[in-house]
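Report on one structure; see the data block that follows.
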Amino acid sequence: MKILVAVKRVVDYNVKVRVKSDKSGVETANIKFSMNPFDEIAVEEAVRLKEAGTATEIVAVSVGPQAATETLRTALAMGADRGILVQTEAEIQPLAVAKILKCLAEKEQPGLVLLGKQAIDDDSNQTGQMLAALLGRPQGTFASKLAVADGSVAVTREVDGGLETVALELPAVVTADLRLNEPRYASLPNIMKAKKKPIETVTPEALGVDVAPRLITLSVEEPAKRQAGIKVADVATLVEKLKSEAKVI
Amino acid sequence: MSDRESMAFDVVVVGAGPSGLSTAIRLKQLDPALSVCVIDKGSEVGAHILSGAVFEPRALEELFPDWRERGAPLTVPAGDDRFLLLSEKRARRLPTPPSLRNHGNYIISLAALCRWLAGQAEALGVEIFAGFAASDLLFDADGAVKGVATGDMGVGKDCVPGPNFTPGIELHARQTILAEGCRGSLSKVLSERYDLHAEADPQTYGLGIKELWEIDPALHQPGSITHTIGWPLDAGTYGGSFLYHLDQNQVSVGFVIGLDYRNPYLSPFEEFQRFKSHPAIAPVFAGARRIAYGARAVSEGGLQSLPRLTVPGAVLVGDAAGFLNVAKVKGSHAAMKSGMLAAESVAVLLKGEGREALGYPQVFKESWLWEELRAVRNIRPAFHRGLWLGLAYSAVESGALRGRVPWTLGNHADHPRLKEAPSSRRIDYPRPDGTLRFDRLSSVFISNTHHEENQPSHIKLADPQVPITVNHRRFDSPEQRYCPAGVYEVVGEEPQIRLQINAANCLHCKTCDIKDPTQNITWTVPEGGGGPNYPNM
Amino acid sequence: MSVLVLAEHEAGALKPATLNTVAAAVRLGGDVHLLVAGAGVAAVAQVAAQVVGVAKVLVAESEALAHPLAEPLAALIVALAPAYGHILAPATTTGKNVLPRVAALLDVAQVSEIVAVVAPDTFIRPIYAGNALATVRSIDAIKVITVRATGFEPAVASGGAASIEAIAVPGLPGLSRFVEAQLSKSERPELTSARIVISGGRGMQSGDNFHLLESIADKLGAAVGASRAAVDAGFVPNDFQVGQTGKIVAPDLYIAVGISGAIQHLAGMKDSKVIVAINKDEEAPIFQVADYGLVADLFKALPELRQGLS
């Protein structure tokens, strides 16, 4: 079985983002980018499936600027076999990514597509679900456990209030949640080897995908700072306020 | 771990700063067949780079005469230059000392320059691996350096390998270039093992703390340079500020304090914070927004503190050796030049069987860098007797005499200089106001520093009692004040008082390793990729 | 055009987030229709009809919908979609699972986790884990939206009188199958999804003292967290830490006990709806963000609080 895994280049999770003064977005100049952490978990899961003999080949895909090649290299260093960069400088929204991935999935015919549940930049949490819809295939989102057997995959999902397990017919689309696994470190020798693995570059135009944004960002602002509230005299007043004023207990 | 994998290169460079990258580039320029590997503990090249910075392009001109065509990020020429002596309320303009004249220089982000250098190096075939910390030096049976080992990853707080444990690997090299910057942890090991300072003065250091601000466009003057001395420091403490206008409405402001300061109550961080509220300085920050923060120690000893630069199998370059020109408040050009000089000797050495690049100290002595450092060698030590004598001395020597005097003033080590707390004056610093002056933790927050939480502390204490029995009892725990990242906190109440080390806050500035009065603190590298993630510092 | 809201329900009751989503729907103008899909949902349809602001309840009764699986549910909503200008669902794990599938099948974008309605086509949504707020306009004919519950006061649950209409359920895809659910027992909820979090800092003085927090947590059905200082001091394990990477909490109520309020911690909990701080140092930064501050010795205040909640 072949696995297609999608990885996104995002502002590194350790970077405190800063809204631009002109409110056009967040500052991305000079800051560190890295692979979306949930995508890293997806790659790790793919590699584990390959190590377990369930998967035979892992193809990593990224949609974005030339610099997204680095993100693909990280996936290759973790154990993916080859990469596809869908190169574009344009703003690409989840629906467009899903359409691009659909094209690639039709070409590559993977048994399983793995993605992170959401990217930590736009926090959309859509691409995997959209891809499953466009392919007409089942989806297992927020996965914390996968078990592949006999043409289906059992996905344990992190849902509000606990866990839920669903069985999906393969091919299927699965999105990774935080507890699916703990991704490995890419070792130095593997990073060196990854430099020699192939990365193919295509464009959305060549794939015939319309990537025009459907959502127009009008402004991006910093959230209002919290204001200090009141001091209460004693515990009794506190409990009273929480019950009658804040109504949270 | 004895079962580490190993990889072999002709040259391994530890540190992707200006010196390490210049060494790597020069080596490949001289001999493209050499295999050269650079590793850096930062998560990416530039992540741990912090500098003012006014940059003198002399070494870059020599490395890449066509740097403009290659697109080096030198875009803001140095412009209007002011040198101010501050008192609490006033600022007096002094003639700019010759060493601080910056015509022909550029205001840059050194991190941006390093990223560019890394790109150039990779294009020449240098292998660069960021996120890998060199944790150990490796020696041959005969004591020669044979390479470095990278740190293990995925080790838990309890020192037990976790589920994603990845052992470090050994990088073997015919020559190892230590380009770790000031007070590098491996450079220190090497220096002790080979007694590299035997024939030199002790190194003396400064701590630089820097912020990047985005200011009101109406107040922004690209290229403008201000240096100050005087307030808020007393005349017995060496230090001063810098304030540079970069492009895109950004201002780089910082403060450097000599780590030979004597008062254990002095807090370099607080001195910097209150400096910004001086009436001659504060107006530039009206309506401005602070966007980054960081700190780094620098070597200030100059020529007389330069250690032996070579041992069998390894050389020291850049601020790991201490090539910074303190009179110019510049080290990057010197770091680059030292790396290039080392590369030239190493390239020759690698053609034969020799193990020690003895040509390097010789070509250094014949270079402009030696001339430059020799000319200013007495300026920093002249300030040992205070600001006024230091100023007077340096005005004479650097003016008419340009260092052509028959004597050389000595340097002392910094850690024994602290006076004990009872004989020291407490300093009452103003509270942070959240707009111009900040607290440590909100500052550390915007350094984007990050360490994997579950790992052993990378800050080691030789004796766990000393922080209380010596540092607390005698010096009132100065590490709480000199650390610009709030790593050290004394917690609890007598008699259960103890030192808490918040290693995850660390900015890798190395001040604790330098200033701890009994040298009880040893700074080692944390898991690779940990530490600050500076944007364009 | 009318607004379709996907109701979330369990054991004959609406899940609370549904009410917040109805409140958002009301802001869009047009009739609000609430879709109750499932097996044996007659009773919950009656409950849904009482929600103030709902004009009509659509009931889709089918064994294929017994569990809210994305594939059949999305197919059902897509079949209804042409009649609507907006399709909303709560930004719960169900809504977030189903609605993007609906959007893609309709070839429209989805607007995720809105916290405010600016205009019928313009919404505010958090990005970068709430560190920025984007105002976005959808240019699609049908707006598909998930709603973050904390952004909207819930609609009133009773007093309305919506009509109830059973709808025909089309043939639904059988690509997926529900296997089992393991819902968390009455043990304490998880830190990141708890409605109430009570956290301790270095002021707790030892790990043993965390039982003071646990006994209150059990009364409130709250999760127990800790500041980094408390974790660093070894009081509790790493996974208690609020403000660590990935450990952002935004409960309805956050109670910070003996926490001074280091910036990392504040960043990790500032999106909580109501913040209570108990600290003996009245200068502690935590009070700058607390809605209710109590300057007190926690070892006195916590037993009192436990009493007060009985």
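Note: Cβ is positioned from N, Cα and C throughout, glycine not excepted.
Database features, via TrEMBL:
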BINDING   C:R202, C:227-228, C:241-245, C:258-265, C:N279  FAD binding site
DOMAIN    C:3-182  domain 'Electron transfer flavoprotein alpha/beta-subunit N-terminal'
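This view paints the features noted in TrEMBL onto the structure.
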residue: C:R202; record: FAD binding site; Cβ contacts under 8 Å, 6 or more apart: C:S227, C:A229, C:A230, C:A233, C:F235, C:G258, C:I259, C:S260
residue: C:A262; record: FAD binding site; Cβ contacts under 8 Å, 6 or more apart: C:S227, C:R228, C:A229, C:G243, C:P285
residue: C:H265; record: FAD binding site; Cβ contacts under 8 Å, 6 or more apart: C:G201, C:S227, C:R228, C:V242, C:G243, C:A256, C:I259, C:I286
Near-B candidates in C:R202, C:Q241, C:I259, C:H265, the binding-site residues, by Cβ under 8 Å: C:R202, C:Q241
Secondary-structure category, per DSSP, in which C:H265 (FAD binding site) falls: helix
Binding-site residues compared (C:Q241, C:I259) - the one with the fewest other Cβ atoms within 10 Å: C:Q241
Average model confidence [pLDDT] within the domain 'Electron transfer flavoprotein alpha/beta-subunit N-terminal' (C:3-182): 96
Mapped DSSP class for C:R202 (FAD binding site), helix or strand or coil: helix
C:Q241 (FAD binding site): secondary structure state under DSSP, collapsed to three categories: strand
